[in-house]
Amino acid sequence: MSALDNRLFAKMNGIGNEIVVVDLRDQPAPVTPDDARAVAAHLPYDQLMLLQPARLPGTEAFVRIYNNDGSEAGACGNGMRCVARQMFASTDKQGLTFETRAGLLNCWRGPADGLYTVDMGEPKFGWKDIPLAEEFRDTRSIELQIGPIDAPLLHTPSVVSMGNPHAIFWVDDIEAHDLGRFGPLLENHPIFPERANITLAHIVDRDHITMRTWERGAGLTRACGSAACATAVAAARLKRADRVVEMTLPGGQLSIAWRESDNHVLMTGGATFEFEGRFDPALFARSRDKTSA
């Protein structure tokens, strides 16, 4: 029996990032990686957001996040906006706090209808915090390239942790490189012991960046909120962009503000409800049968 048997789910998207939200606050039984993969086989998604019973006072829930390959993610900005949208629909509160593997995340109703703001916390830059497999004193750019040594296709990325590892390659044209080909190679590069999200980014102006992301554990995605935060921060660290920027992703726009007062990164964007349904227990029974076989 799975904790997801007959459970109600909401299919949503955060500017194109495919999200499934399940409220399990009345269900302490764990959801397994096999369960997460079984859902993905039936209902394709980028992230599965599971609301589990709160573990800390003042929080609404512990949010466990699965990628579609069954691996866990510490943070998912687009997914958290979807969770916030669902929760705000049943409360008059202006702000909500959730616990994730990456720490506490605060969410607010945004500056306009349909927009939500998530405090993604403070970025980390130390090589052990990202983490990297070897020491780099300056993570604004590290020695990593793909392609010929004398003419690399991609090289010297910036690396940042937003509760999950990110590598950002600065390019003139984000469509000129086959991210579907290079993404998995870079995600699984030995320099990243926990794998990494891989982003191609182009700085249009000091307040505007375009980007595409190969998401760790999910693949090519139309949007990755934590990658947008990491990219904005990395550009500001290089002094090539301001601390408040508009990010253009294949799925839409995000506003990112790297606050000077506490170094927290605030992400504002939309969240769309698509439909709801219930999981068929047979879905998870088939998964268990395959595993036991």
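Glycine residues also receive a Cβ, built from the backbone N, Cα and C atoms like all the rest.
Note that the structure is predicted; figures quoted are calculated from it, not measured.
Quick look at what Swiss-Prot annotates:
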type: BINDING; residues: Asn17, Gln47, Asn67, Gly77, Asn78, Asn164, Asn197, Glu215, Arg216, Gly225, Ser226; note: substrate binding site
type: ACT_SITE; residues: Cys76; note: active site, proton donor
type: ACT_SITE; residues: Cys224; note: active site, proton acceptor
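Close to the recorded substrate site, the chain also has Asp46, Ala73, Ala75, Cys76, Gly79, Thr213, Ala218, Thr221, Cys224, Ala227: residues not among Asn17, Gln47, Asn67, Gly77, Asn78, Asn164, Asn197, Glu215, Arg216, Gly225, Ser226 whose Cβ is within 8 Å of the site's Cβ mean position. Spacing of Asn17 (substrate binding site) relative to Cys224 (active site, proton acceptor) is 7 Å (Cα to Cα, whole number). Within 10 Å of the C-beta of Asn67 (substrate binding site) we count 22 further C-beta atoms, all protein chains included.
Neighbour count (other Cβ atoms within 10 Å of the Cβ, all protein chains): 29 for Asn17 (substrate binding site). Our reading of the substrate binding annotation (Asn17, Gln47, Asn67, Gly77, Asn78, Asn164, Asn197, Glu215, Arg216, Gly225, Ser226) yields a largest Cα to Cα distance of 17 angstrom. Between the listed binding-site residues, namely Asn78, Asn197, Ser226, the fewest other CB atoms within 10 angstroms of a CB are found at Asn197.
Within 10 Å of the C-beta atom of Cys224 (active site, proton acceptor) sit 35 other C-beta atoms, taking all shown protein chains into account.
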